[in-house]
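*Asks:* Dumping the structure here so I can ask a few things about it.
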Amino acid sequence: MAGFRESFGLVRNLNWYPKHMNTGLKQMQAKLRSVDCVLEIHDARVPLSGRNPNFSHLLVGDKPHIVVLNKVDLISGESKRKIKEIYEKTVTKNLIFTNCKNDQDPGIKKIVPMVRDMIENSNRYHRAGMEEYNAMIIGIPNVGKSSFINITRAKNLKKATSLKVAPSAGVTKMVHMKVKISNDPIIFLYDTPGILTPRVTDPTAALKLAVCGSFPDHDVGLMLIADYILFTLNRQKNYKYTSLLGLEEPCDCITTALTKGAIHLNKMQQQRSMALGSGLHKKPNFEYMSKMFIEKFRKAEFGKIVLDDLDQFTQFEQCNDDFELKENEVFERSGNN
Ligand SMILES: Nc1nc2c(ncn2[C@@H]2O[C@H](COP(=O)(O)OP(=O)(O)OP(=O)(O)O)[C@@H](O)[C@H]2O)c(=O)[nH]1
Ligand SMILES: [Mg+2]
């Protein structure tokens, strides 16, 4: 559409590396010695931006390694095919797509046999006499690590949910006691906190992660997240949002789109304004509107959308963070805990 943005423009750096990530990373490194297999999990909507090869290498080393692309229910079959091709060419063929919201998911059923085979066929281990296998799940915040453990445990052991899950980033704050997910063979899985790069070097990639909930929404800004969603939808010529917001035509300005939407949905709020005398006047409830817009996107109500451009993929961006910051180098924001 003429006049629409070609690029998103300048964005401030989004950094979120609270103390629990630094501590969690150290706990994960300490646990590695007793881990036989690492499961690296990503949100399938950001298969490229969500993966930092340095981080993966740091925690995987030469251990058996499986990549899980979770939230496959939120992407199309065509995107899944392209992601599979990219990962098989550049990362690993040991790849599983999962939907942790569905206990009949075929990907979930493959986990235990795959972990077993990977460990038993690994040269690194002499598994004879081993009574149990330990695996660790790693990934950025909110990709579904805890959900993954809960559902594999429920599926294989018929045992109820044990780990806390929520739609916001930073729910798991420490490396947990290992959780049994299978009896035959006995497999335990360590849940871990979501870890982001200490300094995110690509602000656009960070925004995509923010859209998927890997940063706290309020730290990033609800309007900014909503704007990036609007930009993405327009770039993909997906105008489903117009009927929700009561727009006559697509719009590339988030303030206009949400203002019209607030009028359409009767989400205006009374406000006293000194500038306009002491009277009350109505203004759009931008917080409500942005939240609603973000929620709809996250539930795939505008369609199954991948935020990365899979057709432009060349290689996974190397990011030079060493992840071994000293305590006083930790970047802290207000609200860390
Ligand atoms: N649609 C969909 N949602 C999922 C899936 N897996 C997990 N979720 C949701 O994603 C959100 C985050 O799940 P968690 O399991 O808490 O993610 P986490 O990686 O453990 O998050 P942190 O502990 O904060 O790092 C929750 O709202 C889950 O219900 C999935 O396969 N599909
Ligand atoms: Mg968790």
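Note that Cβ sites are derived from N, Cα and C of the backbone, with glycine treated the same way.
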*Asks:* Write down the one residue from G9, G24, G194 that TrEMBL lists together with N70, K71, V72, D73, N142, V143, G144, K145, S146, S147 as binding GTP.
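*Replies:* That GTP site, as TrEMBL gives it, pairs N70, K71, V72, D73, N142, V143, G144, K145, S146, S147 with G194.
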*Asks:* Taking the Cβ of N142 (GTP binding site) as the reference point, list residues of the same chain whose Cβ is under 8 angstroms away and which are at least six residues distant in sequence.
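*Replies:* For N142 (GTP binding site), the qualifying residues are D43, P167, S168, A169, G170, V171, G194, C212, G213, S214.
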*Asks:* For ligand 2, which among the binding-site residues N70, V72, G144, S146 have a CB under 6 Å from it?
*Replies:* S146
*Asks:* Helix, strand, coil: count each for the residues of the domain 'G' (135-197), based on DSSP.
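*Replies:* The breakdown for the domain 'G' (135-197) reads 13 helix, 14 strand, 36 coil.
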*Asks:* For the domain 'G' (135-197), what's the model's average pLDDT?
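*Replies:* Mean pLDDT, the domain 'G' (135-197): 92.
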*Asks:* What span in Å does the GTP site cover, taken as the longest CA to CA distance among N70, K71, V72, D73, N142, V143, G144, K145, S146, S147, G194?
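*Replies:* The two farthest binding residues have Cα atoms 21 Å apart.
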